[in-house]
Structure formats: structure tokens, C-alpha cells
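> As annotated in TrEMBL:
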- 3-140: domain 'DNA methylase adenine-specific' (DOMAIN)
- 158-178: region 'Disordered' (REGION)
- 163-177: compositional bias 'Basic and acidic residues' (COMPBIAS)
Amino acid sequence: MLFLLHLAHKMRPPEDGGGRVGIVMNGSPLFNGAAESGPSNIRKWLLENDLVEAIVALPTNMFFNTGIATYIWILDNTKHPDRKGVVQFVDGTSFWTKMRKNLGSKNRELSDTDRAKIVKLYSDFTDADPDYAKVLRNDEFGYWTITVERPLLDRSGNLVVDPKGKPKPDTKKRDTENVPFTYGGSTAGAAGTTEVIQAYFDAEVKPHVPDAWIDWAKIKTGYEIPFTRHFYKYVPPRPLAEIDADLERQVAKILELLREVDQ
């Protein structure tokens, strides 16, 4: 991610005409690192400064030495007004052409037609096919990591308190929860910390552990970009009758082989 940060730093400032950056990276910069870690803080800086214009997912097996998923990050510090405050996702994973001869792990390439399809999705912006393109607000990538405490009990089951009479937390029962900035439909972003976290805690945690509380001193802010989650397509499992039929066929084959061995 330091390469990404370095390129962002090298862009011409807006007052000098601005700059644009395109870089191919693997999937880890999208989500690697917990809240307030180095990678998360880099994503935070990029998004809060509205520098990320688009992220394009490329097909796998596009590079010589690896078949992993790759993404093009497009940064721009002079965004068109329509693109301010948002990030466009383009899923280009299905646009590829089989190569006639493999080059190591590389057996796919982008033809002119494939590139044209991806560019059209990018150009169409909010009018693009929603199966292949999404537009999300910058604050939709933010979240808070909260620490949920539960009271410490002694061997008799009595509450253990500190000198001020407050219950001591049981470190063995300590847990964390990630609360999205947008929980409950909030559009306040990082400014909605207290209200959104409390609403999440009251609805999602308190009903299950009534004695729990939030350690407000340990709230951490993080950013992640769950690209694939927004293009997930549910594939229903095969019907049970079809699976049973396959199993019966396999059992029949095994029994036939055993009979041949016995003979």
C-alpha cells in the first residue's frame, strides 16, 4: 500500500491542474489490516480526501507468475463533480479472451472488445449495468471497532467491583464488534459515532448479553473495501434428489468393482 500512497503523493496538486493515477494491485490492499492499522489508515486517508475514483477487478490468470485476483485502482484529485464523494466499482472479471498459448500462469488476456466493455461500464457510471458496476459513498467503507466488556464474577458468582464501585471487566469474556458507519441508514459518517454505536449495541448486543457495556475509550476507526461482497451472486445447492442419485451411482460402481475383485 505504500506504493499507492507514494503515487498519490506524486500527483500534481489541484491548483496546478491535478493528477490521475492508475496502478494494478492484488486484493489485500482492499481489506488487509484491522482498524487503525497502517493499511486501514492509508485507506482512511485516501477515502476521506476523496482520492479514490474507481476500482476495477480484472480477470484471474492475467499475469505470468501468478493467477491471483488483481485490481486497478484509479486515483484522481480533481474528480468530476458527479464523482465527488463516491467510489465506482467495476467488475471486469468475466471479460477476457483465452490465449492460444499459455505463458506460465497467464492464459487470459483483454481483447479490444473486452477493454471496450470495461471502459463503457466506467463511462456509464451510475447508468451502468448494476450486475457489473456499483457506485458507493466514501463513508460506506468506514466502520468502528468497539470493545464489548462483561462483568467479572468471583467464585461465588458475586460481582467484582473496583474502588469506585464500578464493575471490573472479565478479560476472558471481552469481545469486539465492527459497526458500519452506515448502520441504521446513517449518513453522518464518522461524525455519527456515539449515536450509531449505541443504536447498534442496543439492537445487536444488549438483547443477547444484558450485562455487557461498551468501553468507549477503546473505540477504533477503520476502513475496508469489500469489493467482492457487492458482486456476490447466490448459487443454490443442487436438489437433494439429484445428489442422492449421484451417490447411488457411485455406490453401484464401487459394488461392481468389489464383485470383480471377489471373482
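FYI, residue positions are counted from 1 along the chain as it appears here.
Quick reminder: no glycine exception, Cβ is built from N, Cα and C everywhere.
Help me picture these features in the structure, burial and contacts included.
Beyond the ends of the region 'Disordered' (158-178), by six or more residues, the same chain brings 35, 143-152, 200-201, 204-205, 215, 222 to within a C-beta distance below 8 angstroms of the stretch.
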> Report the DSSP secondary-structure composition of the region 'Disordered' (158-178) as helix, strand and coil residue counts.
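Its residues divide into 3 helix, 8 strand, 10 coil.
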> Run through the domain 'DNA methylase adenine-specific' (3-140) and tell me, per DSSP, how many residues are helix, strand and coil.
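The counts are 48 helix, 45 strand, 45 coil.
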